[in-house]
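Enquirer: This structure is in structure tokens; I'll ask about it shortly.
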Amino acid sequence: MEGEQSPQGEKSLQRKQFVRPPLDLWQDLKDGVRYVIFDCRANLIVMPLLILFESMLCKIIIKKVAYTEIDYKAYMEQIEMIQLDGMLDYSQVSGGTGPLVYPAGHVLIYKMMYWLTEGMDHVERGQVFFRYLYLLTLALQMACYYLLHLPPWCVVLACLSKRLHSIYVLRLFNDCFTTLFMVVTVLGAIVASRCHQRPKLKKSLALVISATYSMAVSIKMNALLYFPAMMISLFILNDANVILTLLDLVAMIAWQVAVAVPFLRSFPQQYLHCAFNFGRKFMYQWSINWQMMDEEAFNDKRFHLALLISHLIALTTLFVTRYPRILPDLWSSLCHPLRKNAVLNANPAKTIPFVLIASNFIGVLFSRSLHYQFLSWYHWTLPILIFWSGMPFFVGPIWYVLHEWCWNSYPPNSQASTLLLALNTVLLLLLALTQLSGSVALAKSHLRTTSSMEKKLN
């Protein structure tokens with residue numbers, strides 16, 4: 001017919017119409033820079049380079065900067081009392097910095113460190129080991145960043161802390177091991193939250209992260225800051241089945257018992273009192289977060305109670321806004337424990353990472369005391385929190401630099417404490433605002449969907 005062209009003619013016409021775009025090196029350079037800074041796909045390039053850079057940097061630090069003795073000698077003295085002297089009464093185990101106050105997982109790990117470093121004879125071996133521990137933790141946390149689609153400019157922040165490097169390779173604190181197991185736990189939870197079509201794998205991963213979480217707690221109790229969010233996450237992963245969730249809790253308790261068997265058999269009361277002493281007092285002079293107060297107010301039980309109440313209010317607000325149906329789902333599961341319950345509007349892939357990471361940050365904000373090594377508890381989550389808070393590219397790094405200054409300010413002082421409190425409060429408020437706006441949008445979307453379905457039915 002007239003006006004029609006054959007396919008061959010159309011292809012020929014397309015070839016004739018193609019015009020190669022002009023070469024614009026400046027625009028290409030800008031696009032490349034924009035890609036490397038803002039596009040999460042660039043993390044496949046950025047992350048390996050950062051890990052390589054960190055590996056070399058840690059080597060240089062170990063070689064050029066003198067080891068700083070703070071707690072490692074005390075760890076070794078305590079292990080000697082347990083391993084060489086056969087002391088199993090926790091209340092009698094002590095070192096240069098005081099009594100043993102960590103659970104049996106700490107003892108298990110530092111027995112290995114005692115063998116590696118031969119007590120205090122070869123601390124340099126311990127530094128090398130902690131270098132690998134740092135790099136492993138960094139690689140795992142970057143896996144979390146990749147799954148959560150963080151832009152590269154946020155990822156880079158994970159490698160910029162002077163204080164964190166010293167905590168690992170210059171001081172050999174036990175906090176580093178707890179952080180490793182918590183990163184593994186959160187990574188496992190993120191992966192499990194995406195296993196919508198593989199329920200058996202999801203529940204198996206829930207059991208695995210219960211074990212790794214318990215391992216973290218058995219090294220140092222700061223991992224308990226994750227506990228409320230951990231139970232909610234397991235509840236969601238188990239499709240709101242309270243029995244399966246309780247079985248995961250039993251798995252946590254089982255590890256605590258297994259790792260502490262020698263002490264529980266001999267002196268159970270002393271072990272539980274020393275390893276899980278929630279009333280332990282912290283030294284005011286080394287607490288970097290409340291130096292704007294005097295020592296008397298810092299040690300006041302009313303202040304501790306106010307922090308606890310504020311902590312609980314913040315956690316409750318977090319859970320209710322992120323998972324509004326938590327109470328109805330829990331009640332339904334209690335009424336029908338053997339039935340598979342639908343977790344409505346929970347959105348596991350977003351809810352689980354958010355409640356885990358945000359609840360830990362809330363716990364840090366309302367902690368009675370933060371010593372310098374405690375930075376490792378939450379530093380690895382800062383790139384995620386900054387990204388979630390919606391901070392612009394030019395604001396996030398400024399916040400981070402100020403935050404790092406607070407942790408490097410020595411000795412602890414009121415100016416750094418006040419600024420740290422302000423920075424962390426602002427970050428939490430920004431998280432709350434973005435979360436609230438997201439919840440409102442989700443509720444409106446759900447309402448529109450429900451109304452549309454009702455109209456179709458009518």
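Numbering starts at 1 and runs along the chain as it is shown here.
Positions of Cβ are set from backbone N, Cα and C atoms, glycine also.
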Enquirer: Answer yes or no as to whether Swiss-Prot lists Glu295 and Ser367 within the same topological domain, that is, on the same side of the membrane.
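Expert: Swiss-Prot topology: Glu295, Ser367 on one side of the membrane.
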Enquirer: Would the transmembrane segment (346-366) count as touching the transmembrane segment (172-192), if touching means at least three Cβ pairs under 8 Å and pairs must be 6 or more apart in sequence?
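Expert: Contact confirmed: at least 3 Cβ pairs fall under 8 Å.
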Enquirer: Could you check whether the transmembrane segment (138-158) packs against the transmembrane segment (416-436) - three or more CB pairs closer than 8 Å, residues at least 6 apart in sequence?
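Expert: Answer no, regions not in contact.
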Enquirer: Count, for each of 172-192, 217-237, 243-263, 416-436, the Cβ pairs lying under 8 Å from the transmembrane segment (96-116), and report the range with the highest count.
Expert: 217-237
Enquirer: With DSSP as the yardstick, break the topological domain 'Cytoplasmic' (63-95) down into helix, strand and coil residue counts.
Expert: 17 helix, 2 strand, 14 coil
Enquirer: Sequence-remote contacts (6 or more beyond its ends) of the topological domain 'Cytoplasmic' (159-171), Cβ cut-off under 8 Å?
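Expert: Hits for the topological domain 'Cytoplasmic' (159-171): 50, 53-54, 57-58, 61-62, 65-68, 70-72, 127, 130-131, 133-134, 138, 372-373, 375-376, 379, 400, 404, 407-408.
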Enquirer: Determine how many residues of the topological domain 'Cytoplasmic' (238-242) DSSP places in helix, in strand and in coil.
Expert: 1 helix, 0 strand, 4 coil
Enquirer: State, in range form, which of 172-192, 217-237, 243-263, 416-436 has the highest count of Cβ pairs under 8 Å to the transmembrane segment (382-402).
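Expert: Stretch with the highest Cβ contact count: 416-436.
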